[in-house]
Each structure stands twice: as C-alpha cells, then as structure tokens.
Amino acid sequence: MLLDAGAQYPAIGVTTFGSSRHHSAGDVTDREVALGINPFADGMGAFKLNPSSHDLASGQTAFTSQAPGYAAAALGHHHHPGHVSSYSSAAFNSTRDFLFRNRGFGEAASAQHSLFASAAGGFPGPHGPHADTTGHLIFPGLHEQAASHASPNVVNGQMRLGFSGDMYGRPDQYGQVTSPRSEHYASSQLHGYGPMNMNMAAHHGAGAFFRYMRQPIKQELICKWIEPEQLANPKKSCNKTFSTMHELVTHVTVEHVGGPEQSNHICVWEECPREGKPFKAKYKLINHIRVHTGEKPFPCPFPGCGKVFARSENLKIHKRTHTGEKPFKCEFEGCDRRFANSSDRKKHMHVHTSDKPYLCKMCDKSYTHPSSLRKHMKVHEASSQGSQPSPAASSGYESSTPPTIVSPSAENQSTSSLSPSSSAVHHTSNHSTLSSNFNEWYV
C-alpha cells in the first residue's frame, strides 16, 4: 500500500511516495528549508527523524539523503552545509516537537520497543550493499541480533515506516553519529503503534518478549501406590512421576485400582490412615484416592467463584450458597428454619430435643451444637495459658532488657503480662532479640 504523507507531515522529512524528486543544491528555497522539507529525498522515503545540527558530528547536518542515489550527497557533505544548518535546526525541531506532543505519541523504554528495525540492512552505500540483512526483519527482537554491531539499539537518529519486508536501515559506514537526543527520538516517537510493539530492549537478547508471558510451573506428581506384593518391609511404592494431574489419575485408576474384576477395594497409598480397611464400592475408593492425589474435578460453574471440589455432592451443596436454595426444613412442629444441607438440619434438631451430644473432654459440660463447644474450648485454652508463663515472659523479653531502662515499677509487674509502656520499651531496646522471639512463636 502506498501512502502519501508528504502533505500531512511536511515538517518531519516525509516525502511523497510514487514520484522521484531530483534537485540540485541551488534549487533549495528558503521556504523549503524553513519547513524542514528534504529536497534530496527519493520517492520511496518514509519517516526520517534526525537530531538537530548541533547534536551531530562535524560533516553532518540535520538532513541526510534517503535514496540510494544520494547516499553520499547529503546536504552536509556538499555545497551549502552552513546555509542549510542555520535555517533548518530551529524550525525543524520546534515543528517536530509540537507535532509529536499534540499527537499523543508516548515514550518507550528503548529503540527496540517499536516495530522499526535498527540501523542495519541492505541499504547500498558507496562501498556496495551492506551484507547484514537483519534490518529486513519485521520483529528483529525475536531473532538473533547481529554480533557485529557495536550498538544495535541505536538507529542513528532515524526511524522509517516503510512497507512490510522493506525495513531498510542505515549502513554501518554511516552509523558513527549518535547522541542522547537522537536515541531519545528513535525510541520514543511513533510509540502509538502499541499493538505491534513486540520487540524488547537489546540487552534482553532474542525472545525477551516472552518473559512477560507467565510460564507454567512445572510440577512433578508422584504415585505413592504400594502394590500388594510389595507390602513386605521395606515397603516400596510405585514412584512414577507425571507432569499433569490427568496423567496421574489415569495411571492410578487403570494400573492400580483396576477394572470391575477387582473385588477388594482397598487403598494402599503410602501412609493412608485407613490402614487397609476396604470400601464397599469402587467409586468410593476412587473418591477417596482424591484425598491423596489432590484431584478436584468439580469446579463451581458460577462466574467469579473459582472453588473446586473433589466430590460432586459437595459441589451440589456449595451451589446452594449462590442460589439461596434451602430444601431441608426443620421437622419440629412450629419451627420454620430451613437449611441448605441435611447435616446442618440434624445439628439444629438437637435444640428441640435437648440432646447435647457434643461433650467437652476437659470438663463435664456438653452442648447441642459443635460451634458452642468450640467457643467453650477457648475458655480452657485461656485458663491453661494463664497458669503457665506467657510467651512474652518466657521468651526472654525481660531478660533481654537492660536494667537501666526498666523502671522499678516495671520490674514489679506480673510475669504473665506486660503493660503497653513497658512492652514499648522492650521493643525499642533490643530489635534482634525480639525478631528471634517472634520466629520461635510462629514456627
């Protein structure tokens, strides 16, 4: 596709596609110079962003040729270098800065963050065509960068938007002009083409784009099934490793659990708490094995929930929390309580029958609901902690405090607790001892 951008971007060195323009140095008018039009650009030009003349080395100007025929005939190399430089710098830079600021072009991290190839390619110069062809790559960051380039992320102050397959770069013999300003514009302008920014910085190397893609965590799932013939000491488990849960479950079901010909449904997984107690049906054994493998094949279908379950019955009960369904009504006359599952209704029925099946093992109290028993057990936990030295006193808090810091009133305090003022003093006095004590508490 040919794009005529000359009328729209006259101030950034963009020429019209399709027709060649041949000028001599004498044809350059003051108006063209002030507008930043490059009279020596060929018809197949593209975006050319050059730094100002004061940023370039001697012998270079703010405008260079883009066509092969004028590779050595830039304005700075021949007739009127001083004339062109004096008129071009201020007008070109101010217009370019205003254009890119108002068109919302963002800034990128480096020159490699854009679609445009770096300064390399088959651009013919006075010494013949350049041998390197990495400039023709649409995404050179995904391929190996040429080791012969001294600075592959520098585009020598130029950025060209051409055709796919015709991404030309500047040859190395003209690649000696670099400056912070040229690198800045080469990396930041035209960042608006964000959906195609697939190249990363040159120092990341080839394929660095893929570091932003989360790599799946490789896991090894080990089969700990012990065959009946290997039950003799020392017991030897299967120990086959698998990379996916599906492979492990298929292996256990087919090779260990077996088909309908198996009459004994016994779990012989390593350290299984059932200790060889058989199941009445095969499906119950398969459901039990999920405790060992961690398989949970029943996800909640409601969006945003994300919970998964090992048993379909548990999923069915869980879905009632989303739907609000409570199919189990209290059977006691006059009670209209309803429940999502039968176990909750059974616990509730003890309120009406005055049964207290939940006994405290530390005293003679009993309760109708397990939640009441859990609250009661906290009383025993608090009393047991009160009869013994508290963690703060037994972990060396007072022993780690210098005697000059502790007041006489603080020394007479109970060892079971510390006041906020004294604890604050201890906290500021010895940080290393305090951190070690916390590690001891929560291990």
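Glycine too: its Cβ is placed from the backbone N, Cα and C atoms.
Pulled from Swiss-Prot, these are the features on record:
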- 221-256: zinc finger (ZN_FING)
- 265-292: zinc finger (ZN_FING)
- 298-322: zinc finger (ZN_FING)
- 328-352: zinc finger (ZN_FING)
- 358-380: zinc finger (ZN_FING)
- 371-433: region 'Disordered' (REGION)
- 383-396: compositional bias 'Low complexity' (COMPBIAS)
- 397-413: compositional bias 'Polar residues' (COMPBIAS)
- 408-443: region 'Negatively regulates transcriptional activity' (REGION)
- 414-433: compositional bias 'Low complexity' (COMPBIAS)
Exercise for the section: Give me the stretch from 265-292, 298-322, 328-352, 358-380 with the greatest number of Cβ pairs under 8 Å to the zinc finger (221-256). Expected result: 265-292
Fill in the blank from the handout: Over the region 'Negatively regulates transcriptional activity' (408-443) the mean pLDDT stands at 42
Handout entry: Other parts of the chain folded back onto the zinc finger (328-352), taken as Cβ under 8 Å at six or more residues beyond its ends
Key = 317, 320-321, 368-370
Problem - For the zinc finger (328-352), the number of residues DSSP places in helix, strand and coil - result: 11 helix, 4 strand, 10 coil
Practice task
Over the span of the zinc finger (221-256), count residues by DSSP class, listing helix, strand and coil in order.
Solution key: 15 helix, 5 strand, 16 coil
Completion exercise
Lying 6 or more residues past either end of the zinc finger (265-292) yet within Cβ distance under 8 Å of it, the residues of that chain are 224-228, 231, 235, 237, 252-253, 257, 310-311
Problem - Long-range Cβ neighbours of the zinc finger (298-322) (under 8 Å; 6 or more residues past either end) - result: 287, 290-291, 340-341
Fill in the blank from the handout: Summed over the zinc finger (265-292), the DSSP helix, strand and coil counts are 11 helix, 3 strand, 14 coil
Practice task
Just give the helix, strand and coil counts over the zinc finger (298-322), going by DSSP.
Solution key: 11 helix, 4 strand, 10 coil
Problem - Secondary structure composition of the zinc finger (358-380) [DSSP: H/G/I, E/B, coil] - result: 11 helix, 4 strand, 8 coil
